[in-house]
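Quick look at what TrEMBL annotates:
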- LYS194: ATP binding site (BINDING)
- 55-137: domain 'SH2' (DOMAIN)
- 163-267: domain 'Protein kinase' (DOMAIN)
Amino acid sequence: MDNNLSLTQEDMADQYEKLLRVAGRPADRDKKADMAKLVDEDAEKVMNELENENWYHGALPLEDVVCLITERGDFLLRALESDGTRGPMPCLTVRVDNHIKDFPIHTVQHQHMRMFTIDGVNKAPKPIAVVLKHFNERIPIAGQVVLSRAIPKQAWELSKDKISLESKIGEGAFGEVWKGSLRMGNTSVRVAIKVTKMKEENKEKMEEMHKEARLMRQYKHLNIVAFYGMVIENDNVMIVMEMVPGGGLNDYLKNNQVSAQLCRAAF
């Protein structure tokens with residue numbers, strides 16, 4: 001596939017200028033920065049619209065993806081991180097035989113319209129539409145695999161609109177911890193929420209948070225803090241867990257007299 005299919009911010013700004021000329025409106029080069037800003041806002045709108053799609057998993061790491069798409073033709077949509085020349089972009093991730101492969105969904109100009117494409121041939125006005133075209137018409141992705149099964153969001157992949165942040169109760173190198181609530185159907189539960197911004201300088205912390213979430217997903221027990229899920233967005237990650245009054249166990253043991261030798265040994 002041509003790696004230059006996607007238009008950069010500057011390319012898109014140039015395209016906006018051309019569209020203004022076609023429409024008979026003056027193209028002021030001094031307004032190019034404003035046009036580039038419009039491109040950013042437009043791209044953000046595209047990514048935000050995908051949040052409503054059941055196949056879209058946000059910035060889900062590949063380590064989690066491999067556990068979800070297990071058969072040839074299984075697929076899902078997720079976000080690729082920005083690379084400096086563009087913001088996050090949608091990506092189709094597919095199981096091809098014994099490995100996983102990413103197929104970025106590129107932006108192209110077609111007859112003065114912005115379109116989306118995976119292979120440079122089949123196009124549609126929205127990312128989800130071009131995926132549905134390949135799926136419904138059984139058009140192979142890059143001649144390699146036919147899409148056969150869409151993988152929906154998992155129960156632990158939460159949407160941000162279900163989370164309410166109320167007050168900050170702690171912070172550290174990883175980010176912040178907030179007290180809040182999680183809406184579950186017609187009810188809500190009190191939760192603790194770890195929040196970390198997705199930045200290049202804290203990638204290791206982000207990986208630790210994802211590992212913590214994978215571990216917590218495996219355990220459900222009365223004496224283990226309940227894990228409700230994660231919010232994975234383009235700019236931050238939230239881990240949502242049971243709100244435990246009284247703080248951590250280590251703080252409790254330090255602040256209360258405990259006679260058990262086993263507890264003392266923990267320090």
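Every residue, even glycine, has its Cβ placed from backbone N, Cα and C.
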So how many other Cβ atoms are close to LYS194 (ATP binding site), meaning within 10 Å of its Cβ?
20
Can you tell me how the residues of the domain 'SH2' (55-137) break down into helix, strand and coil by DSSP?
14 helix, 34 strand, 35 coil
